[in-house]
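These notes are about the structure you will find just below.
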Ligand SMILES: Cc1cc2nc3c(=O)[nH]c(=O)nc-3n(C[C@H](O)[C@H](O)[C@H](O)COP(=O)(O)OP(=O)(O)OC[C@H]3O[C@@H](n4cnc5c(N)ncnc54)[C@H](O)[C@@H]3O)c2cc1C
Ligand code: SF4
Ligand code: SF4
Ligand code: SF4
């Protein structure tokens with residue numbers, strides 16, 4: 001058996017540094033990552049990276065920061081298993097490996113000039129934040145912007161500070177709901193779908209972008225369709241088990257589609273007839 | 001990064017101690033392992049007694065009497081991490097066969113009219129008594145897997161026992177399937193991870209690593225019927241190691 | 001059929017062992033070897049007498065040499081942080097006696113791994129393997145269905161290709177590598193007209209024989225069949241029977257799914273990252289964090305397997321990924337039989353055509 | 001002799017297999033209690049295998065003890081084959097003898113290096129020796145691994161061997177396997193020489209008690225391990241079928257293991273017994289070693305069991321090599337591979353019967369005894385493990401030893417007793433598994 005060092009391997013990682021860690025909730029931590037030499041990741045909103053801890057493994061993680069943020073990028077990771085537990089043990093200054101960005105992100109060029117409705121539930125805010133902040137940083141390129149946010153309890157809300165900023169902006173319509181409220185909560189209580197009827201929009205020039213746990217897509221899409229938004233203007237980001245990020249390992253396959261190459265962002269018309277998608 | 005070596009202790013309950021012997025069988029690899037950990041208690045080969053608090057307890061054997069229940073609880077309290085080690089500990093193992101009989105009957109069988117003298121309770125796997133952090137299945141344990149688990153424990157990350165069938169590994173080893181020879185094999189319902197050890201050596205899988213989490217029991221029965229293998233024989237085989245699974249099922253139902 | 005005379009050479013059967021011995025002197029040779037109970041596997045051989053030239057598809061297909069079950073893709077050393085070196089491991093070898101179905105299997109893998117982003121590990125390794133094909137003159141057994149997917153006759157993918165024409169082998173020289181092998185051997189002679197006639201005769205007999213394929217559907221109609229059959233009852237039946245042992249995918253020449261695994265050495269500082277065959281039939285394959293599995297039912301997983309052979313790759317590669325080797329049916333303990341499944345689907349969808357496949 | 005009080009209470013004796021306590025109570029110079037208590041909790045094997053197929057017996061009973069699981073396997077198979085009237089082939093018998101050699105080697109090495117040597121070197125376990133005697137520890141692990149690797153090749157693994165079953169072997173060594181095993185054993189010779197040199201420097205306690213030794217004996221020239229009659233240094237010899245006449249088990253209240261006696265109050269089994277009975281049949285190299293170490297039967301210092309083990313190590317290594325070399329010369333007949341699950345196949349005929357297996361395992365003679373019905377289902381089972389036979393003898397040793405060493409400190413007495421027990425290499429976990437006991441005096 002001969003062994004050869006492989007230049008240009010798709011599995012090569014970029015040795016990167018964690019420059020900031022913040023604990024968001026019991027399960028979620030925020031990480032800010034600097035690539036070697038301060039290079040920028042050069043990603044589209046909605047793309048993801050494969051994060052490595054050598055000796056533990058790799059996991060696909062969405063980029064949470066907007067490409068307009070230079071010099072570093074951000075991500076939020078929920079502790080669910082082997083890799084994510086190990087990542088949670090790391091501190092500022094520790095190194096991780098990065099591959100990517102991978103996948104098809106949100107079609108920013110197409111969204112320009114249109115109205116946007118963001119629907120984010122739970123962890124869905126994490127990838128969506130890359131687009132929301134991009135839009136806010138380039139606010140004048142877009143039409144009306146609405147953000148609908150859902151989380152389990154007020155304590156579960158991620159990026160509270162940023163969300164507070166959004167609520168204050170006049171050029172963003174913001175509404176929020178929680179599954180379970182505490183006595184201090186003044187806002188809506190209930191499913192995120194309950195927010196949709198209240199949004200006024202012009203369907204033919206509106207793009208809706210949805211990210212959240214698998215179970216919610218069907219219901220949210222149904223509401224949006226009721227609002228006459230065309231199928232191809234409804235965008236979702238799907239999560240699947242993923243190993244290689246290169247469209248080979250087979251784990252992320254949704255019928256004939258590969259989530260890592262054809263997605264994770266899909267327009268509804270593309271996946272409507274794909275039984276395993278939603 | 002210098003770290004103090006984690007303190008590891010070995011404990012044994014009702015078992016054949018073969019799994020501990022497997023540790024000694026690692027050969028010089030054992031010294032590499034000992035480079036990573038500090039063994040503070042290991043009755044079989046050491047006279048030293050460990051400190052009150054230990055980092056890792058490696059527990060072998062099943063829980064078969066009241067004394068053992070007390071002892072395992074104390075060990076759990078002492079240990080940050082508990083590794084159930086070997087079939088007896090992880091799934092009850094051959095000791096579980098005792099549960100095939102009414103407790104009093106088997107005691108009478110063995111002790112005659114003085115059966116009350118010997119205390120015995122239903123055989124249980126360790127996780128059926130206290131919380132277990134890592135499982136190393138097998139009768140005896142497969143050393144490469146033990147090393148894997150140990151490394152995961154030292155890295156502080158979980159280890160998941162493969163949840164697919166022994167057949168997967170068996171096929172990769174290109175064995176002629178036992179069913180093609182007309183013999184029933186527990187491979188299709190048993191968790192992989194042993195590299196299909198027994199079949200590689202011409203024997204069948206006896207199911208020592210426990211069943212996959214979602215076995216298609218009806219499908220398996222169909223297969224067995226097709227091969228004309230008497231059902232009671234197969235149930236007998238399944239019960240050889242996996243009798244204590246009934247306790248898990250019972251607990252699930254309660255919940 | 002058009003034959004180019006100069007591309008053929010002939011080996012007498014009595015010289016076969018000598019031919020193999022010459023090859024063995026030059027490089028590692030793997031070939032089909034009998035395992036007992038009518039089963040075979042590709043293994044390294046040292047002489048022609050070890051080879052079972054009349055064999056039915058081996059337990060594992062030759063993919064084990066193209067994408068090994070455990071394949072290192074990087075080694076790492078954490079002494080100075082997250083440093084890793086991507087590697088490729090390969091071995092020069094000659095694969096002897098590959099049936100046309102397995103040649104097709106290798107072609108499938110070639111397509112997958114040369115699609116962008118290209119997989120250099122696979123491509124480098126593949127180029128180190130010389131392939132000598134071997135023609136089946138008879139249907140292997142009732143499980144084979146190579147005729148249905150048009151893989152029963154050679155379609156490239158080899159350096160040399162052997163056909164048994166009685167007392168000698170007709171050998172098609174397909175590549176420069178093949179040419180070099182021919183040049184090195186003094187046991188081969190140029191083919192003559194008589195040899196062609198014999199080859200022709202063998203092929204005609206074979207075509208008649210293989211037309212007995214009992215799946216009553218036209219090759220071209222298969223994609224349509226699968227378009228219609230997604231919600232078929234047949235999958236429910238498979239759900240009840242399948243025990244999810246994963247055998248069908250492991251033995252399939254065109255299944256290539258894998259896992260990526262890190263394995264630290266005992267120093268916990270150095271180690272390797274490798275990929276390992278995985279199977280869409282395994283419980284955890286499509287499970288995501290939070291426990292949701294996108295193909296929870298065994299029937300859905302079986303369906304996925306069939307669609308990955310007969311539908312999805314058509315769109316991507318214009319090719320069936322079932323090579324017709326029959327391994328999955330041969331190995332399945334629940335006796336899930338690919339041809340039976342196809343038959344049931346065809347019947348259910350009313351797409352039977354008894355004339356299909358007849359010559 | 002001093003009129004002092006001594007109370008030794010070793011709970012959970014370490015560096016032995018299984019749980020045992022030593023309890024000695026001396027009041028004013030008078031020995032009141034002197035017991036080796038076996039407190040292992042019983043696992044009911046005897047009950048568990050009732051109703052199971054005789055072809056499964058070996059798979060289950062070898063799990064009585066992981067340390068000598070090959071020995072249990074072979075004794076169980078012998079009893080099973082005896083019960084159903086099956087005669088193994090010559091090839092099978094030779095391979096079984098070889099397997100027994102490897103287990104003997106493996107077990108003795110473990111015992112000598114990892115369990116006894118720490119005592120003789122004055123440390124609590126082999127762990128400190130890693131620093132002080134690194135080479136020695138490495139050698140021990142290497143030798144153990146070597147014996148293990150041979151078992152791996154032959155039967156899949158040493159702990160609970162896979163391919164040795166009723167009828168023969170489910171896989172047989174190929175040419176390349178023979179070569180690999182031979183290579184390992186040839187390589188082991190250097191380590192064995194070093195072991196012998198080391199052992200010559202060790203000092204064992206002086207203690208003697210005239211006692212009876214029991215083991216297999218035979219008329220042929222072979223050192224009997226797998227086959228033979230039951231013999232005693234007191235001159236008695238009986239067929240293995242009559243094993244109960246030799247063991248005469250009785251029950252004492254303080255122990256969950258039965259006690260045994262034959263011609264005297266107690267007897268000893270194990271390496272020392274075998275050497276005492278059959279020294280003349282050892283491999284020439286082992287004989288040479290015995291002579292060099294001044295071992296001349298009958299040796300009556302039980303501490304020297306360790307020395308006898310060493311002699312047997314050489315014997316097993318050399319005789320093992322001899323067996324393999326014969327196979328290398330004559331070839332292995334692969335057609336003798338037996339298919340597992342014979343019961344499902346009915347390939348071996350069963351008939352009702354009673355069978356006894358008597359096999360010399362590392363710790364002494366081991367008996368398995370099954371009764372099967374016409375379907376080959378076990379209706380009765382009994383096993384007598386070497387350690388249960390030795391326990392009584394150990395207590396008699398202790399009774400003689402304690403008064404002789406009363407002038408020593410408590411720690412020294414405790415250590416001397418622990419070492420005595422360890423010298424027998426007791427396997428306590430096994431000894432408590434078979435109890436069809438009538439309790440006397442309780
Ligand atoms: C495109 C994409 C973007 C993602 N973005 C984020 C993100 O921004 N933040 C975040 O916290 N998580 C994100 N995830 C999920 C994250 O990848 C998984 O939580 C992670 O891989 C689990 O790894 P683990 O080793 O910790 O868990 P494991 O110990 O491997 O397993 C825990 C559970 O997770 C499942 N699982 C294993 N691997 C994956 C995988 N690659 N994807 C999904 N589930 C898996 C297992 O089947 C098991 O049920 C994303 C996933 C995808 C596909
Ligand atoms: S021999 Fe057993 S483990 Fe192997 S494939 Fe057959 S059923 Fe599965
Ligand atoms: S093959 Fe079966 S019985 Fe053998 S070690 Fe593996 S799981 Fe246990
Ligand atoms: S699906 Fe079955 S018949 Fe088709 S290529 Fe794979 S193993 Fe062969």
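The backbone N, Cα and C atoms fix where each Cβ goes, glycine too.
TrEMBL does not curate its annotations; it predicts them automatically.
Annotation source TrEMBL lists Mg(2+) binding site at D:46, D:433. Over all protein chains present, the Cβ of residue D:46 (Mg(2+) binding site) has 22 other Cβ atoms lying within 10 Å.
The Ni(2+) binding site annotation in TrEMBL covers D:65, D:68, D:427. The Cβ neighbour count for residue D:65 (Ni(2+) binding site), using a 10 Å radius and every protein chain shown, is 30.
Residues or ranges marked as Fe cation binding site in TrEMBL: D:68, D:430. In this structure, residue D:68 (Ni(2+) binding site) belongs to neither helix nor strand by DSSP; it is coil.
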If you draw a 10 Å sphere on the Cβ of residue D:427 (Ni(2+) binding site), how many other Cβ atoms land inside?
30
Using C-alpha atoms only, work out the spacing between residue D:65 (Ni(2+) binding site) and residue D:46 (Mg(2+) binding site) and round it to an integer in Å.
14
According to DSSP, which kind of secondary structure is residue D:427 (Ni(2+) binding site) found in, if we only use helix, strand and coil?
strand
